[in-house]
Amino acid sequence: MRQYLDLLAHVLENGIDREDRTGTGTRGVFGYQMRFDLSDGFPVLTTKKLHLRSIIYELLWFLKGDTNIRYLQENGVTIWDEWADENGDLGPVYGAQWRSWPAPDGRHIDQIANLLNGLRENPYSRRHIVTAWNPAEIDGMALPPCHCLFQFHVAEGRLSCQLYQRSADIFLGVPFNIASYALLTMMIAQVTGLKPGDFVHTLGDAHLYKNHFDQAREQLTRTPKPLPTMWINPEVDDLFAFGYEDFRLEGYVADPTIRAPIAV
């Protein structure tokens, strides 16, 4: 994906060096946008291989409203281990906000169910928004949401999604986020009778950690390959009924993984 390599190059060449919460140090820019036409193929990196299993199971975990890593660990996914407490809990992170946002009157709001209803009943609304940024519960979260708000848009029978990501770990996090929200868009398009449109990824603080510079430069020496396609089981018409076996990435050819340390 040339869009992603352009982002890497832009930050390396034009970013500003700053200290950060983790003490690692970053180079970054504030404000950057990428657009992916989902009819061109599934936007997963081909210049390094990604662990698609982790991406799919994490998305299913979000949609379940789960905030304990037990489900992830049972399915071989360890990407949240560093932030969980001794019981595997993360506090009211993404899944809780998506599926059970606490209202002042004691109700809990299922933002995903509301989104689906809105897309079916009033597709041209400008209110198809889900947010994970709940100021009242930030302090109880193991990690405040990085990808914090997304909006859907319907035009000419195509469903597009724009994600706002306040904090974007370009080397490790952003490739996962692109694939995850592209897949979510395709899933929601299927269950609402629409075709996938664009995924627009808007980044706030887009940064490379200093201990990822060499890995980013190595990736920039690689040439992108044709995008694969994502097969989604056409029999599934309920967003909450999808399982891991309902997805298959076809034609995925990628360069080897480039390992990099995670900043906690």
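Cβ from N, Cα, C; glycine included.
Predicted, not measured: the structure shown is a model, and the values here were computed from it.
The dUMP binding site feature in Swiss-Prot is assigned to Arg21, Arg126, Arg127, Arg166, Ser167, Ala168, Asp169, Asn177, His207, Leu208, Tyr209. Non-local contacts of Asp169 (dUMP binding site) by the CB criterion (under 8 A, 6+ apart in sequence, same chain) comprise Cys146, His207, Tyr209, Ala263.
Summarising the environment of Ala263 ((6R)-5,10-methylene-5,6,7,8-tetrahydrofolate binding site), the number of other Cβ atoms within 10 Å of its Cβ, over all protein chains shown, is 19. Per Swiss-Prot, (6R)-5,10-methylene-5,6,7,8-tetrahydrofolate binding site is recorded for His51, Asp169, Ala263, and the stated evidence type is sequence analysis.
The active site, nucleophile annotation in Swiss-Prot covers Cys146. DSSP assigns Cys146 (active site, nucleophile) to coil, not to a helix or a strand.
Classification of His51 ((6R)-5,10-methylene-5,6,7,8-tetrahydrofolate binding site) by DSSP places it in coil, neither helical nor stranded. Taking every pair among His51, Asp169, Ala263, the residues listed as contacting (6R)-5,10-methylene-5,6,7,8-tetrahydrofolate, the largest Cα to Cα separation comes to 19 Å. In terms of C-alpha distance, the listed binding-site residues Arg21, Arg127, Ser167 place Ser167 closest to His51 ((6R)-5,10-methylene-5,6,7,8-tetrahydrofolate binding site). Cβ neighbour count for Arg21 (dUMP binding site): 9 (other Cβ atoms within 10 Å of its Cβ, all protein chains included).
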